[in-house]
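Colleague: Please find one structure pasted underneath; my questions will follow.
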Amino acid sequence: MMFLTQLVSALFLFFLGPISYGKPVETFVLPLAQDAPIPPSEDPFYQPPPGYEETEPGTVLRQRRPPFPISLFRSAPIDLAATYQVLYRSSDTFGQPTATVSTILIPHNANMSKVLSYQVVEDAAFINCAPSYALQLHSDPGGLFGTIIIQSELLLITAALENGWVVTIPDYEGPAAAFLAYWRAGYATLDGIRATLASSGFTGVDPDAAVGLWGTSGGSVASAFAADLHPKYAPELNIVGAALGGVVPSITTALHSLNKGFDAGIIVSGVIGLSKEYTYMQPILESYLVPHLRDKFMSAGKKCSGAVSLDFRMEDIFSYFKGGEESGLFADPRVKAILDHNAMPQGVPEIPILILKSVNDEISPISDTDALVEKYCSNGVTIDYKRDLLSVHTILAVTGAPEAVLWLRDRLDGITVEKGCKTSTIFMTLLQPGALEVMSKTIIDNLLNLLGKPVGPRLRTEIVHVPPL
């Protein structure tokens with residue numbers, strides 16, 4: 001088995017294309033004997049070249065084929081027509097130059113004029129949890145069940161690939177894993193789309209492709225910020241719609257919902273992530289941490305979300321701070337300002353938006369999303385808001401996926417949506433017209449993908465050229 005693993009690794013590395021800085025081409029060599037991908041914290045591919053700061057946002061700084069194949073649950077490679085990773089120039093929260101990576105998945109029989117930007121639920125303050133790494137065969141999960149959510153999301157992503165769409169997956173938290181820094185996430189998402197469209201010379205993606213946005217939970221907020229920032233930051237992009245599931249408009253409200261729950265660790269990762277973006281928060285955090293609890297708290301910065309959730313499950317996170325809930329870290333006006341800066345909305349989208357939300361959402365109360373929709377609608381945004389009576393936050397990510405796929409399919413097919421706002425309270429999103437059919441097909445496709453079926457529609461949706469390996 002080890003020999004087979006090394007043989008597969010060697011073949012992938014042999015066919016790995018040169019890595020370019022734009023003009024001069026640098027050959028990127030990895031050791032053939034490695035049996036797992038190098039994590040981002042150690043991989044030189046993730047380090048931008050000198051002078052990158054002078055390039056425009058969305059510029060491709062470097063490109064490669066992933067060292068290891070994209071795989072279901074880190075163990076079962078899926079058969080794609082091609083996969084690329086691009087390091088590209090972006091902007092941080094404060095508009096300063098930064099660089100991050102997006103992974104571009106091209107299905108068999110792809111329609112290169114349709115692109116989906118999928119924002120995963122990373123929810124971690126550790127760079128080695130980034131999807132560009134986590135989705136590769138034999139990646140380290142960053143603790144027990146660390147990247148299990150990202151692994152599971154590949155099952156949803158394949159539903160998009162089976163429609164023939166090119167899927168780009170940005171590492172929207174950036175090189176420091178600034179979880180909850182959603183301005184950065186929005187910029188990284190938009191610049192990831194720019195980079196994907198600019199990759200046409202080596203990927204074959206149509207530079208004028210129509211683009212959809214999709215994300216659930218934390219990924220939905222990154223997608224929403226991209227929609228908010230799109231009109232001013234990247235108005236040239238032909239984004240045709242955004243599907244948001246389980247959106248979390250207010251971090252402050254979510255803190256109280258998460259505390260003492262199974263996912264209380266999200267609070268810990270969020271605090272560490274924000275302190276990486278807003279560096280002046282670091283000494284503030286240190287001043288509030290209870291000394292004998294500090295090491296455990298900060299250990300979350302070296303683990304991925306599933307492992308952090310296990311470490312802090314059912315704990316009172318406010319007790320980690322001097323002053324507790326009443327006068328601790330989150331009562332500090334400097335920290336409250338940071339949380340408010342990353343609340344929604346932060347702009348007025350010009351694209352139609354589908355919002356799916358559980359009435360019984362245990363992480364972010366439905367009232368927050370009701371208020372968000374009201375703000376959007378009062379500013380003329382076209383919204384289709386569906387309130388699901390039966391689901392909870394996590395379940396909606398699965399049961400709402402078929403509705404998101406159907407809605408995005410119409411947008412990418414050029415079917416216009418009626419302007420204005422529409423709110424409906426439904427029994428279950430999965431019972432919407434066509435949803436069960438999509439769910440059934442997705443389950444069957446994923447089972448067949450595990451058996452080696454080429455990922456993509458059976459009939460070619462457009463004659464395209466995918467550069468050979």
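Glycine too: its Cβ is placed from the backbone N, Cα and C atoms.
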Colleague: Of C304, C377, which cysteine does Swiss-Prot list as the disulfide partner of C421?
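Modeller: Swiss-Prot annotates a disulfide bond between C421 and C377.
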Colleague: What's the CA to CA span in angstrom from C304 (disulfide bond) over to N111 (N-linked glycosylation site)?
Modeller: 34
Colleague: What is the interatomic distance between the Cα atoms of N111 (N-linked glycosylation site) and C377 (disulfide bond), given in whole Å?
Modeller: 33
Colleague: Just the number: how many Å between the Cα atoms of S217 (active site, charge relay system) and D361 (active site, charge relay system)?
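Modeller: Cα-Cα, rounded: 11 Å.
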Colleague: For the C-alpha pair, I'd like the distance in angstrom between C421 (disulfide bond) and D361 (active site, charge relay system), rounded off.
Modeller: 22
Colleague: For C304 (disulfide bond), just count the other CB atoms lying within 10 A of its CB, please.
Modeller: 30
Colleague: Are there recorded positions among C129, D361, C377 that sit within 10 Å of H393 (active site, charge relay system), Cα to Cα? If so, list them; otherwise say none.
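Modeller: Qualifying among C129, D361, C377: D361.
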Colleague: Quick one: of N111, S217, which of the recorded positions has the smallest count of other CB atoms within 10 A?
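Modeller: Taking N111, S217 as the recorded positions, the minimal 10 Å Cβ count falls on N111.
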